[in-house]
Amino acid sequence: MARVKGQKVKECSFCGLSVAELGGNVVISNGVAICPECSKICHNLFKEKLCKPLDSKSNGLPTPKQLKDHLDMYVVGQEDAKKVLSVAVYNHYKRILKNNKYDNGIEIEKSNILLVGPTGSGKTLLAKTLAAEMNVPFAIADATTLTEAGYVGEDVENILLKLIHAAHGDVSLAEKGIIYIDEIDKIAKKNENVSITRDVSGEGVQQALLKIIEGTVANVPPRGGRKHPYEDTIEINTQNILFICGGAFVGLENIVKNRINKSSIGFSAIEKKNIREDTSLKYLEMEDLIKFGLIPEFVGRLPVHSYLEKLNKEDLLRILVDPQNSIVKQYYHMFKMDNVELVFEKDALESIVDEAILKNTGARGLRSILEGLLKDVMFEVPSISKAKKVVVTKESVLNADVNPLILVGNAIKKPWAKELYEINLKYDKK
């Protein structure tokens, strides 16, 4: 019979079945035992408690302002996009709580979202952060891997399978989730003219996405891949799934500016002259997206539009250190697990940002730069028992042959070490 610290455990502490009846198949800790069946029940109870925030208004649907405040903790800048997303997400889940209908029977259609902005500007992070705050399943799909049914590549239904996996197989929970489709601009039509050759990764994919984005009952192969006639499928209703599509849309700003310059309505000659290419997306219209290569029906399924600005040096410096989950804080805590403090020279932070700007990788490139910079140090530090502090210097950023300093013993008494970390948490813009 199982023992814990000399004490006999005779039965499951939850259902009362004896250890003998269970064939000894119990987990025991601190004198408490649980059988597999009770463990499964507990798991389901926890999942129900943690993953059903939308059952009633009393559960506290966050207001748009509360959602934006949460985004501010994790995402730097992009004020307009934060407001647009916060309102859209709030309205979407308010609609679900009301069962898609208002008191007089008016049916409220869902409003999917299109985000336009350069690589590394925060599109994916915004969607992911909102899903986490709403406590709903979240999945990311890459539009470039999708093809029209019957051709080599992924069927659009595989996007839904990712969401079902994120919901741990709970289809009803997945039906309230959020899907972010990245690189949506890559499925634009190759040109505006009708072609005799089939565009299976462009217009064909847009046509395939129409129904699931608008709302339909889809049949998803449980193992992914292509559907087979005699294979069992998972049925999922996409009516309440929020789709957020994002892409860089390189060249779209020129389309917008050309339209404005040709227009005789709404813009004075001075206003037209003052509209720069990098700000022209403020005036984005549906016709510009159609001109770019999205079909009208697809654009119509994405009625909420917002654009994200290209991040400047000040933005990237803040992204490094300010957000609650900033890259610098992540690495700081990673080193802290080895009882080593990570600090940065102020000039080193600026040099890291300069490199990201030079590579035109935006915020996404900051992590890869830091990973390369700290690679050798992360290899060495766990083997140095007296290591207390790692200092990232400007020279170590600029020169690949120079590693960050590893300080041991009494070397940590240098007064600037503590100040360095304060600087990297509270970066002085001046």
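One is the number of the first residue shown, and numbering goes on along the chain from there.
Positions of Cβ are set from backbone N, Cα and C atoms, glycine also.
The feature domain 'ClpX-type ZB' is assigned by Swiss-Prot to 1-54, with sequence analysis given as support.
If you look up Swiss-Prot, you'll see Cys12, Cys15, Cys35, Cys38 marked as Zn(2+) binding site. Around Cys38 (Zn(2+) binding site), a 10 Å sphere centred on its CB holds 18 further CB atoms from the protein chains shown.
Under a cutoff of 8 A between CB atoms, and with a sequence separation of 6+ in the same chain, the neighbours of Leu125 (ATP binding site) are Tyr74, Val75, Ala363. Taken residue by residue with DSSP, Leu125 (ATP binding site) is part of a helix. Per Swiss-Prot, the feature ATP binding site maps to Pro118, Thr119, Gly120, Ser121, Gly122, Lys123, Thr124, Leu125.
Here Pro118 (ATP binding site) is compared against the binding-site residues Cys12, Cys15, Cys35, Cys38, and the shortest C-alpha distance is to Cys38. The separation of Cys15 (Zn(2+) binding site) from Gly122 (ATP binding site), Cα to Cα, is 49 Å. Taking the mean position of the Cβ atoms of Cys12, Cys15, Cys35, Cys38 as the Zn(2+) site, the remaining residues of that chain whose Cβ falls within 8 Å of it are Glu11, Ser13, Phe14, Gly16, Leu17, Leu22, Val26, Ala33, Ile34, Pro36, Glu37, Ser39. For the pair Cys15 (Zn(2+) binding site) and Lys123 (ATP binding site), the Cα-Cα distance reads 48 Å.
Each of the binding-site residues Pro118, Gly120, Gly122 was scored by the number of other CB atoms within 10 A of its CB, and the lowest score belongs to Pro118. For the pair formed by Thr119 (ATP binding site) and Cys35 (Zn(2+) binding site), distance between Cα atoms is given as 50 Å, rounded to the nearest Å. The closest partner of Cys12 (Zn(2+) binding site) among the binding-site residues, by CA position, is Thr124; the full candidate set was Gly120, Ser121, Lys123, Thr124.
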